[in-house]
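Undergrad: My structure is below; once you've seen it, I'll send some questions.
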Amino acid sequence: MAPPGSRTVLLLALTIIARTQALKPTHYLTKHDVERLKASLDRPFTSLESAFYSIVGLSSLGAQVPDEKKACTFIKSNLDPSNVDSLFYPPQSSQALSGCEISISNETKDLLLAAVSEDSSVTQIYHAVAALSGFGLPLASQEALGALTARLSKEETVLATVQALQTASYLSQQADLRSIVEEIEDLVARLDELGGVYLQFEEGLLETTALFVAATYKLMDHEGTEPSIKEDQVIQLMNTIFSKKNFESLPEAFSVASAAAALSQNRYHVPVVVVPEGSPSDTQEQAFLRLQVTNVLSQPLTQATVKLEHAKSVASRATVLQKTSFTPVGDVFELNFVNVKFSSGYYDFSVKVEGDNRYIANTVELRVKISTEVGITNVDLSTVDKDQSIAPKTTRVTYPAKAKGPFIADSPQNFALFFQLVDVNTGAELTPHQTFVRLHNQKTGQEVVFVAEPDSKNVYRFELDTSERKIEFDSASGTYTLYLIIGDATLKNPIHWNVADVVIRFPEEDAPSTVLSKNLFTAKQEIQHLFRDPEKRPPTVVSNTFTGLILSPLLLLFALWIRIGAKISNFTFGLTIIFHLGHAMLAMYVYWTQLNMFQTLKYLAILGSVTFLAGNRMLAQQAIKRTAH
């Protein structure tokens, strides 16, 4: 039979798997993250570009540069009226500063108008159009749209398309912007999905992804149509953009700030972030749940309404509470369920945020733990005669006291422990996950642990029969201290109770000769590795005799040459000597006396090369001599 609580553990595991499959915001900007992002943007100005990133980025987060007058002076003093890119940054920055007005000459205006051409890059067209709009100068939107569309057909990069979206947001609503708006759907198709949680462009640049989100919602707010992005895709983009918390690059910090502002303040999609205030663990003394409901910038959505759809027990899946509204308390929403009798355990709370049709990811699942205190009742210690000839001797003990006198468990009689566990707050019966009986030998330190299991009436019973349990105890008789251990993740007061002393006696023939304390953590005996002894080499006489036999054919060859009067004058002695000195026989001899196989092969490779070259050269010279004769 499965131990108590195994069914609950199984249901808990299945619920966690099901819940993790739901797409929800996993990354957003906490208040600490927002301050850190502001610090990344608040840097000394080194150029018009850096000033633009700092001023406009901080403005997106609802902040201002420390010295606006100084910032305005810096912008005016660094403006280059002959450079289109330089003219893009000042008007955008000045609009985020109070009392900073910048004007340009007619020549500069003509320069910007000339840049809105098919011959210019998408970046230059974007900068020129944004500059003209920022300076409040008129622009032929339809002509600019034609130049932008023509140029975009030649630049098909993701960044160029994003800049086209940014450009279109400055053009008149009277212009037909459909061709640019359709690019949004194409860009969404080019996004790569990572693990079903993130969406990003193939290049993996966070800056490009963030600028795409900011440009899309700015254009759609300007155009007045909902973007062709699914709500799940918005959440995936959000998870990607806000997954990074530290920024060394000023443009990257600016892009994240722009995306955060767009996702917090647009007409179509506002992701909702629901975070429990503190740990979502509630007790019977504090039966309430507080939630922070914010946008991606951790700004409270105080106008929202928060409702509990249902609260279900993880173990039984029974609905214990449903259709209940949270109460706004300052910047948080509070649910008080003091009048609802929750038994201890885990519950899934389904919470829905309403009040604005722009809200997305507005239904969340929260795992709430209801904790309680466990009480031990009806604790009986009994000595039971095996043949039932003597009535059981029962002693009742009250937690946390220890029973008086030792109890005996031996061959004629067994020892038994009975108890019940209840919820102190509600009086309901409890079956914690961990209920153990621990027996500790007072002399040797040996420990034996058993699991106490409840019966059909939830009465826990532990019985010790020495004849059946002698293996666990190694037949070690002695006085054991009995502890009751009760624990569970939902219990505020785990229990380790010294209940009584039990004298356990095993038959003498079963007792070990020496009772040793079992310590599982002592050092084990060192393992000695035995390697095979090297083979003995043959005696010197044997090796010398074998060497002589090997050399005998060579000596016989020399003797036969002398007898037949071989003419050795035709040999080229230099090469011949080298050829014969390189003979492999020498290597074979050394192999026999000194080397192993691998060393011999290495030397043979060297000798073989020299021998081959010398022999080849020698034979070639012999052939030349024969030809000459």
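Even glycines carry a Cβ here, placed using N, Cα and C.
Quick paste of what Swiss-Prot says about this protein:
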{"type": "SIGNAL", "residues": "1-22", "note": "signal peptide"}
{"type": "TOPO_DOM", "residues": "23-541", "note": "topological domain 'Lumenal'"}
{"type": "CARBOHYD", "residues": "Asn106", "note": "N-linked glycosylation site"}
{"type": "CROSSLNK", "residues": "Lys154", "note": "ubiquitin cross-link"}
{"type": "TRANSMEM", "residues": "542-562", "note": "transmembrane segment"}
{"type": "TOPO_DOM", "residues": "563-570", "note": "topological domain 'Cytoplasmic'"}
{"type": "TRANSMEM", "residues": "571-591", "note": "transmembrane segment"}
{"type": "TRANSMEM", "residues": "595-615", "note": "transmembrane segment"}
{"type": "TOPO_DOM", "residues": "616-629", "note": "topological domain 'Cytoplasmic'"}
Undergrad: Counting every protein chain present, what is the number of Cβ atoms, excluding its own, within 10 Å of the Cβ of Lys154 (ubiquitin cross-link)?
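TA: Other Cβ atoms within 10 Å of Lys154 (ubiquitin cross-link): 10.
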Undergrad: Would you identify the secondary structure of Asn106 (N-linked glycosylation site) according to DSSP, in three states?
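TA: SS state of Asn106 (N-linked glycosylation site) = helix.
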Undergrad: With every protein chain in view, what's the tally of Cβ atoms within 10 Å of the Cβ of Asn106 (N-linked glycosylation site), excluding that atom itself?
TA: 7
Undergrad: Could you state the CA-to-CA distance between the residue listed as 'N-linked glycosylation site' and the residue listed as 'ubiquitin cross-link' to the nearest Å?
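TA: So the Cα of the residue listed as 'ubiquitin cross-link' lies 31 Å away from that of the residue listed as 'N-linked glycosylation site'.
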